[in-house]
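Below are the features listed in TrEMBL for this protein:
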| type | residues | note |
| --- | --- | --- |
| TRANSMEM | 7-27 | transmembrane segment |
| TRANSMEM | 33-52 | transmembrane segment |
| TRANSMEM | 64-84 | transmembrane segment |
| TRANSMEM | 90-108 | transmembrane segment |
C-alpha cells in the first residue's frame, strides 16, 4: 500500500511540474493569471513533498499528520470547486488521484500507527508497523 501511495504522490507531483511548464505556452508574458496558474502547479508539487515526508516518517508525529490531512482535504475541495467550473478530463483525473491519495493516506495512518495500551492502561502511539 505504501508503494501505491508513493506512486500516487509522484504522479500528482509530475502533474504539478507539467502545470508549471505549460504556463509560458498558455499565458503570454508575465501576467497575474499566468502566475496563479503556475502557483497551482507549485501547490501540487509542495503537496507531493509533504505527503512523501509523511510516508517516509518512522514514528508518528501528530502535528505533521494533521498538517498533511488538512492539506490533502483542502486540495481535494479546491480541485472539486475547479471541477465544477471546468469539467475537463485532466481536472477530473487530478481530482480522482487526490481523493484516492487522501483516502489511502488517512487509512495508512490508522494501519501503520495503531494505538497500543501501555502498562498503566493509558493509550500511547506505537512505532511504525510496516
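Every residue gets a Cβ built from N, Cα and C, even glycine.
Can you walk me through where each of these features ends up in the structure?
Note on the transmembrane segment (7-27): residues 33-34, 37-38, 40-45, 47-49, 51-52, 55, 94, 97-98, 100-101, 104 of its chain, located 6 or more positions outside it, place their CB under 8 angstroms from a CB of the stretch.
Note on the transmembrane segment (64-84): residues 43-44, 47, 50-51, 53-54, 57, 91-92, 94-95, 98-99, 101-102, 105-106, 109 of its chain, located 6 or more positions outside it, place their CB under 8 angstroms from a CB of the stretch.
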Give the nonlocal contacts of the transmembrane segment (33-52) in its own chain as ranges (CB under 8 Å, at least six residues past its ends).
5-6, 9-10, 12-13, 15-20, 22-24, 26-27, 67-68, 71-72, 75, 94, 101, 105
